[in-house]
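What follows is a set of notes on a single structure, which appears directly below.
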Amino acid sequence: MTASKYKRVLLKLSGEALMGDDAFGINRQTIARMVEEIVDVARLGVELAIVIGGGNIFRGVAPGAQGMDRATADYMGMMATIMNALALQDALKRSSVDARVQSALNIDQVVEPYIRPKALRYLEEGKVVIFAAGTGNPFFTTDTAAALRGAEIGAEIVLKATKVDGIYTADPKKDPTATRYSRISFDEAINRRLEVMDATAFALCRDQKLPIKVFSITKHGALGRAVMGEDEGTLVHV
Ligand code: UDP
């Protein structure tokens, strides 16, 4: 039995979350700290699936990809997410957490393909499942992959880890009077033109009545508090 509010969650980690203060790539201390947070949640008995981004390595719409065919650049971006997924799996394994990577793009020698029933079985067995390669399609993002996989596995919530501890009335860096929403409805977020996730991801969560929690990955214990249903970050509800 777990005392957490949610039994099954989908955590979206951006590539930048692995970068720490570095300009690109994977920062060892940052990934170690993140693993600590994930381990705590896994030990609560919460079924945890993770969609990992790739922005720390390659982004299809980045200046570096300019002039490239967009679909080709996006496939490179998806491959970057596979590298991050393998790094995260390795780090979890070293913390004695059993994790499996499933990829939306087939690279059989490296990683197993995304197979929904198998992913569900892993979750039931208490393994952390890391979904790599986004949706497997160019012109999408890993935010959309998080909404999609979240809906597919029947997650009760999408936990979106960012560098900011929630959604604010204005940009807190520019406006000192900005305040954080503790909770906000999908409709209100749209009316106030607040950017929670990209539009496709947001629409999918809204249609599927899948709440989103935006919280800071840099704040110690925030992931655990989000899973416990505490007032951490911002809850976007139906
Ligand atoms: N990407 C894609 N389709 C997907 C997911 C990702 O084409 O379903 C590509 C896209 O080029 C994107 C890159 O992979 O820029 C990295 O993903 P994202 O930008 O979502 O990563 P994050 O910002 O979370 O690190």
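Glycine is no exception: its Cβ is also placed from the backbone N, Cα and C atoms.
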Co-listed UMP-binding residue [TrEMBL; alongside ASP74, THR135, GLY136, ASN137, PRO138, PHE139, PHE140, THR141, THR142] among GLY45, GLY54, GLY154, GLY166: GLY54
According to TrEMBL, which candidate in THR162, THR177 joins LYS12, LEU13, SER14, GLY15, GLY55, ARG59, TYR168, ASP171 at the ATP site: THR162
THR135 (UMP binding site) to LYS12 (ATP binding site) - Cα separation in whole Å: 13
Distance, THR162 (ATP binding site) to GLY54 (UMP binding site) (CA atoms, angstrom): 14
Binding-site residues near ligand 1 among LYS12, SER14, THR162, ASP171 (Cβ under 6 Å): SER14
Any further residue of that chain within 8 Å (Cβ to the Cβ centroid of GLY54, ASP74, THR135, GLY136, ASN137, PRO138, PHE139, PHE140, THR141, THR142) of the recorded UMP site: GLY60, GLY77, MET78, GLY134, THR144, ALA145
Residue pair THR141 (UMP binding site), LYS12 (ATP binding site) - Cα distance, angstrom, rounded: 11
Cβ-Cβ neighbours of THR162 (ATP binding site) (radius 10 Å): 20
